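Asker: Here it is, the structure in full.
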C-alpha cells in the first residue's frame, strides 16, 4: 500500500509543478457595442394627442 501511495505521489508531482508554473490564458476584454441610434433619441412628445381620459371613462355603476 505504501508503494502505491509513493507511486501516485511521484506521478502527480510533475502535474502539480507544471500546473503552478504555466501561464493562465486570459481572453481579451471585448468592448460592448454601441446602442442603436433610436435608443439615444429623446422620447416623442405625445401631449398634443387626445388624452386617454377623454376617450376612456369608467363605466357607471347602477
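Glycine is treated like the rest: Cβ placed from N, Cα and C.
If you look up Swiss-Prot, you'll see 20 marked as S-diacylglycerol cysteine, on the strength of similarity to another entry. Swiss-Prot lists 20 with the feature N-palmitoyl cysteine, giving similarity to another entry as the kind of evidence. Positions annotated as region 'Proline-rich' by Swiss-Prot: 32-44. If you look up Swiss-Prot, you'll see 1-19 marked as signal peptide, on the strength of similarity to another entry. Among the features that Swiss-Prot reports, topological domain 'Periplasmic' is placed at 20-62, with the record citing similarity to another entry.
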Asker: For the region 'Proline-rich' (32-44), what is the mean per-residue pLDDT, to the nearest integer?
Answerer: 83
Asker: Note down the number of other Cβ atoms within 10 Å of the Cβ of residue 20 (S-diacylglycerol cysteine), including every protein chain shown.
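Answerer: Its Cβ has 7 other Cβ atoms within 10 Å.
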